[in-house]
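Structure first, commentary second.
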Amino acid sequence: MTLVAPVLRLASASPRRRELLTSIGVTSEVAPVAIDETPHAGESAGDYVSRLARDKALAGAAGSTLVTLGSDTAVVIDGAILGKPRDREHACAMLSALSGRWHSVMTAVAVTGPQGLLQACVTTRVAMRPIAATEMAAYWATGEPADKAGGYAIQGRAAMFVERIEGSHSAVVGLPLYETAQLLERQGLALWPDGAGAVS
Ligand SMILES: Cc1cn([C@H]2C[C@H](O)[C@@H](COP(=O)(O)OP(=O)(O)OP(=O)(O)O)O2)c(=O)[nH]c1=O
């Protein structure tokens, strides 16, 4: 039996998203897009990540017949949206805000295909232990925080800061795989060989 991996168009430059999709057997044609990521006045964090995921998917789908996925991740604490850090000071300020507290990670995923645009937005709660200033500086020096929302990577050294998580680990890394698989199957992608499908 030969298993042919379904091909998806991935409107993302994130290596994490491609690796997460590979982990569930989905091969991606990578097509990063540049969209305006400025939050709108009064926009909630959930509406913000959902809008960006949708805009990425729609921009990535242009001119293609492949099912196309866009996603966006933001770290949220006290109602503030933390994106990627600009520099060391910004990263340390973010980690100071997260130190010793619970916060939310919101990841939205949008998938275009025969069923139109399908979306999901997942909130995961993360508790961090207190982080010393020396640890923040050492963490920045690893290079890991630079391209991560909230200035940390749960799949990397920041795992040492994460005391508890309630929700989806893959969503914190960049793509909620449970919800993503459901959206891909609804768009007609076969994630199992020989027509085996998810029980609905
Ligand atoms: C909180 C957290 C975020 N991240 C990453 C996931 C996302 O790649 C990134 C948030 O930035 P995003 O803007 O969501 O994504 P991106 O710019 O990396 O890729 P693209 O817009 O092209 O899809 O932070 C981790 O890898 N680990 C974590 O623990």
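Even glycines carry a Cβ here, placed using N, Cα and C.
Bear in mind that TrEMBL entries carry predicted annotations, made automatically and left uncurated.
Some features that TrEMBL has for this protein:
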- ARG16: site 'Important for substrate specificity' (SITE)
- ASP72: active site, proton acceptor (ACT_SITE)
- THR73: site 'Important for substrate specificity' (SITE)
- GLN155: site 'Important for substrate specificity' (SITE)
Here's one to test understanding: among the recorded positions ARG16, ASP72, THR73, whose C-alpha is closest in space to the C-alpha of GLN155 (site 'Important for substrate specificity')? ARG16
What is the separation, in Å, between the Cα atoms of ASP72 (active site, proton acceptor) and ARG16 (site 'Important for substrate specificity')? 12
Neighbour count, 10 Å Cβ-Cβ cut-off, for ASP72 (active site, proton acceptor): what number do you get? 26
Between the recorded sites THR73, GLN155, whose Cβ has more other Cβ atoms within 10 Å than any of the rest? THR73
Rounded Cα separation (Å) that holds between THR73 (site 'Important for substrate specificity') and ARG16 (site 'Important for substrate specificity'): 12
Secondary structure of THR73 (site 'Important for substrate specificity') (DSSP, helix/strand/coil): strand
CB within-chain contacts under 8 A for ARG16 (site 'Important for substrate specificity'), separation at least 6: GLN155, VAL173, GLY174, LEU175
